[in-house]
């Protein structure tokens, strides 16, 4: 009976946590679409959607319903299996990232210490990068299976863009890893919360800038939204998609945005750390709740900046994008890495 | 070539300076501009609740007028239909019966009066042609409709409310004219 001597409470605890986090992120993504429209409107002197419900708050549900009710079109010449797989893969990859993000410290319920993180794996950030690169498959497969030259072009662009910017992103990340000495996101956050340490943004301003620009490119956000450049590629890699499959692609983009905001908050802005407050003086449950609030606030601020940039800057040309990625970002990230390494060596005096 | 105005500006072909090539300062400047727009007053008029006032010379939907006693002014003379460049107006005349003096002002009246709002160009020539002051263009415009037939307005849609039985409706339809 050794098999049954399993910690069932742990299983239930994790399942509840997974459900809460997945549906929570979906809910936030839902309202991010609404926020995008509102932010766009406000930046352009318009009121934005304000008809559905008070202040238009029911608009995302109306949008979702509209997408569900649309006719489901699968092109005759498409590869049907891959065509259906594409949006699912994009969504799965986007949601899988949330498994390693430390949403807060721990809460104490029913005499149990519950970590508010689905899995604290010691290669957390590598896992994030692995999953994020999987997201490219969603774009590639979708664009390829549509059997449409515009979709294929967009998919190629998306894939090459994602791969180019992942390099610089990874190099910027190495500098952070040198500072914290761990790949676990929880440890990286803990390092920034420790006494006498500041947030990584203080030590890594250039690294953060590189990471942020690369995150924009990874999420296919303006100014790097070349995969869905309407004026050249009609609608990009999801041109042949309709109904909820299109909804999945659009939704995955917003989930990606939330997840990259969360990762950036954890890596550079102390995760669930509240500035100028010593969390250890509070009761653990209160600290955990405040921590969730702090992380969510940081995520919201990042999402706002993403949108703010989108409605300010025009799109890059493709050669400019590649030049920026390979000739500017990667050398800068390398230099940042070398300087950080040299400074760490000099400080520790080895 | 001689310049026509002194407003033209030459295109600068100077290579970008280091600060310009950084892009970041320019991007931040742009973001400051968009951010300042958050606090700007929005020029939007929330349409069904708020309406933009029309100019007094606005030519909107037609109204068939009545006189002070609520009698229809139109005598179905057909001058409006002749004047209409879009041929949008059709009518059928009828003779007033002895017990209908309270309904129609003259001996002859329009039994059927139709304006096809899809043909109408809202030029106002019918208004100018009318010798009886019976038709004029109001300050509203044709609402949307699902069918072409719905845009052919008959007397029910065009006639102004009776000033005796429905003075408010009469005043509202009459507008400032």
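Cβ coordinates come from backbone N, Cα and C, glycine included.
Any TrEMBL annotation is an automated prediction that lacks curation.
Looking at the stretches A:311-328, A:329-346, the one that TrEMBL records under the feature transmembrane segment is A:329-346. Feature annotation (TrEMBL): of A:58-80, A:81-103, the stretch labelled transmembrane segment is A:81-103. Contacts between the transmembrane segment (A:167-189) and the transmembrane segment (A:15-34): absent, as fewer than 3 C-beta pairs lie under 8 angstroms at sequence separation of six or more. Sequence-distant neighbours of the transmembrane segment (A:248-270) (same chain, 6+ residues past either end, Cβ-Cβ under 8 Å): 25-26, 28-30, 32-33, 36, 86-88, 90-91, 93-95, 97-98, 101-102, 125, 128, 132, 135, 138, 142, 173, 176, 185, 188-189, 192-193, 199-201, 204, 207-208, 211-212, 215, 218-221, 237-238, 241, 295, 298-299, 302-303, 306.
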